[in-house]
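Residues or ranges marked as active site, proton donor/acceptor in Swiss-Prot (evidence: similarity to another entry): Glu284. Residues or ranges marked as acetyl-CoA binding site in Swiss-Prot: Phe249, Leu250, Ile251, Gln256, Gly257, Ser258, Gly259, His260, Gly261, Thr262. What Swiss-Prot lists as compositional bias 'Acidic residues' is 493-503. Residues or ranges marked as region 'Disordered' in Swiss-Prot: 455-511. Under the heading site 'Interaction with histone H4 N-terminus', Swiss-Prot lists Trp182, citing similarity to another entry as support.
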Amino acid sequence: MASEGDWTCDANDAVQITLVQPGEQKPKTLSSFHPQFTYPIFGDDETIFGYKGLIIRLRFAAHDLRPHIHISYDEKFKTVGDTSAVDLIKTLSPFIPEEAFSTLPDYENAVQEDKDAKDFVPPGKLVHNYVTRGRTYEIWAASLADPQVRRLLDRAQVFVSLFIEAGTPLETEDPEWTLERWTVYFVYEKVKPPTPTASQYSIVGYATTYRWWFYQRDSPEKGTVTNDPFPGPEIRPAQLPARLRIAQFLILPPHQGSGHGTHLYTTIHTACFNDSTIVELTVEDPNEAFDALRDTADFHILRPEFLKHNVNINPDPYAELSKKQRPRRVPTSALIPTKLLHDIRSTYKIASTQFAHVLEMFLLGEIPTKNRHAGGANMSRLLVKKYNATDPNERRYYWWRMLVKQRLFKRSRDILIQLEMSDRIEKLEETVTNVEEGYEALIKVFTAREEALMAKQEESGESPETAVLEDSVASSSDSSTRDQRTKRKFTVEDEDEEEEGESEVSKRPKV
């Protein structure tokens, strides 16, 4: 009898995902790729027992994601006692729509003969379009309360389990008032239809966002007592002040590295910026790749505003104070224009922790490289001289590190106060160095992108926005950038703040 290993295969290799569109005689493959992981379906080991030569092919119509699953194998394990091959249909059924289990001829015929395909338009409203590398793309936004959106999303739900770590598919059968809180953004490429009846749209990716009610403690408007009729008028979720949270965010593998993620993120940010009821934009449990994308996109958004107001670190916050008068704490308001920065953050609706990351990265970039750790700054001398260093840029760098340490201490105070003072100082020093390394990597990426943009503008006269956005996702997926970001995230826990007592319902999907 063959060993168990002979009957076990890698689930990630066995599953093949294919996007198809009508061809001359049968559906034509547009792209084919494997999942990033399959543990939500096949367990932590991501293996399938009981088959040799197993192929699980998931096909999706490129425009409306009409699904089909086809399973083939060379040999199946015969049950011995309690040991049997994995029941693939039973295992896959919770993750794939029932319509996917039709016969292959029926599916191919449905794709070939779909008379509605040529008139297909993504649901919702066209909110952004752009051209990248000579190809045209569109982003559409629609409410989850729209039945067409729910149908399309239900077909795409399996992507959550295959590409979004710790992701949970959305519950699309909730009451309408709950569904209205959700907006789904679809990214499509406009392609040349291969046949007269084929669609001109091909899916690229999508994102889901939802509104989370935001309690405003200090409302400028004082309520007045009136004799209004009871019951009062109906209040919809869209009328209430809210945080907007990005829940799921996915660009399919064939389209990654081409800037679509940044276009999608900035489109969501623009919608947030233009909605007077949205207070700020946040992200649920972002991974390192998305963190890098978000940082570079927000840096691109905020940097012109920082430059416009000459935001920088004051190297002499104690200029008018004697040594006895100097406070023991970091003089934040004397170092940076806190009121101005608060106004900028509120205007652009960036979450406070994310804004701090972008601000710190900008301030670091304003210090000459030779005065930074990455440029060979004399750290021993800085440790001795501190804010008394002769060079004002050395003083700026000293105060930059102190500002970062102050933020990190506030965020992780409960953990750090349990350490001895020497260990606490060592931990903060280590963490701020890791944070700085992460920022240096992102600054390097952004600087290279800006230089490429300038060259591209000179050659073709292309708009700055388009040229910058094309390169951003490729940059965010750079392995060294991800490594640096990982250091920053796990040395000291530093996440977007959440309201205490938040229900699990609000955190169903994970990015």
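Including glycine, each Cβ sits where the backbone N, Cα and C put it.
These numbers come from a predicted model, not from an experiment.
For the residue listed as 'active site, proton donor/acceptor', the spatially nearest entry among the recorded positions Trp182, Phe249, Gly257, Gly261 is Phe249, judged by CA separation. Taking the Cα atom of each, Phe249 (acetyl-CoA binding site) and Trp182 (site 'Interaction with histone H4 N-terminus') are about 13 angstrom apart. DSSP classifies Ile251 (acetyl-CoA binding site) as strand under the three-state reduction. Mapped onto three states, the DSSP output places Trp182 (site 'Interaction with histone H4 N-terminus') in strand. Max Cα-Cα distance over the annotated acetyl-CoA binders (Phe249, Leu250, Ile251, Gln256, Gly257, Ser258, Gly259, His260, Gly261, Thr262) is 15 Å.
The binding-site residues Ile251, Gly261 differ in how many other CB atoms lie within 10 Å of their CB, and the one with the most is Gly261. Neighbour density around each Cβ, counted as other Cβ atoms within 10 Å, peaks among the binding-site residues Gly257, Gly259 at Gly259.
Distance between Cα atoms for Gly261 (acetyl-CoA binding site) and Trp182 (site 'Interaction with histone H4 N-terminus'): 19 Å, as a whole number.
Taking the recorded positions Trp182, Phe249 in turn and counting surrounding C-beta atoms within 10 angstroms, the largest count is reached at Phe249. Here the CA atom of Trp182 (site 'Interaction with histone H4 N-terminus') lies 27 Å from the CA atom of Gly257 (acetyl-CoA binding site). Straight-line distance linking the Cα atoms of Trp182 (site 'Interaction with histone H4 N-terminus') and Ile251 (acetyl-CoA binding site), rounded to a whole number, equals 19 Å. Of all Cβ atoms in the protein chains displayed, 21 besides its own lie within 10 Å of the Cβ of the residue listed as 'active site, proton donor/acceptor'.
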